[in-house]
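Copied from Swiss-Prot, the annotated features are:
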TRANSMEM  24-44  transmembrane segment
TRANSMEM  48-68  transmembrane segment
TRANSMEM  113-133  transmembrane segment
TRANSMEM  180-200  transmembrane segment
Amino acid sequence: MNISLRPAIAAPSPLDSFLTRHRIGIWRVVVSVVLIALITGHSQWDDTWISAALLTVGMLGVTMATVGRLWCALYISGRKSTELVTTGPYSMCRHPLYVCNFVGIVGLGAMTESITLAAILALAFALMYPAVIRSEDHLLSRNFPEFDDYARRTPAFFPRLSLFRSESTYLVHVGSFQRNLADSVWFLGMTIVVNAVELARHAKWLPTFVLLP
């Protein structure tokens, strides 16, 4: 599956539109399934080097995702519907927020110390978000005439570091940024949930019905 897509000038397919409209609901279902598995299961890698590696990767992923989303919010807050943002993180790829989401989602999966749960979250993202990217590219191309040129030189998903550029000063819409702040740090909240489940398991408050690979 190639997430780095060409500019989506054509109208999105019915499936693309469905996934875009219902992505929050779909994610709630996926996350709920993962949480149920985490509550009722236990990592088979517990107290091994694999567990330590997964936890380290998870913490790095969540930290990078949180910082990255805050960086994106500085540039996009208050501008999303009024102008095409092409500097800062948006100079390296067209959808840096989704890049951060992917890194954070995989990080959260790794923090469960289960390769299976991390893979489920990564697969759900890979199946859903190419459609979301196509739909958003189509909308941006309709709203901003300069988008087509921007899309030709800027990858959709995988950042190209050599393209980075930014102004020496940048006006931040503080009110919009503050409203986006909660969305940018929700990974930290989910980290607390995952850690709380692990603490409850070590305290023998939760049953274990299955070992999670």
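Glycine too: its Cβ is placed from the backbone N, Cα and C atoms.
Keep in mind that what you see is a predicted model, and the values were worked out from it rather than measured.
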Cβ-Cβ under 8 Å with the transmembrane segment (48-68): same-chain residues at least 6 beyond its ends:
89, 96, 99-101, 103-115, 118, 184-185, 187-188, 191
Is it true that the transmembrane segment (113-133) and the transmembrane segment (24-44) have 3 or more CB pairs under 8 Å, sequence gap of 6 or more?
yes
Residue list, the transmembrane segment (24-44) vs rest of chain: Cβ under 8 Å, 6 or more residues beyond ends.
51, 109, 112-114, 117, 120-121, 124, 128, 193-194, 197, 201, 206-213
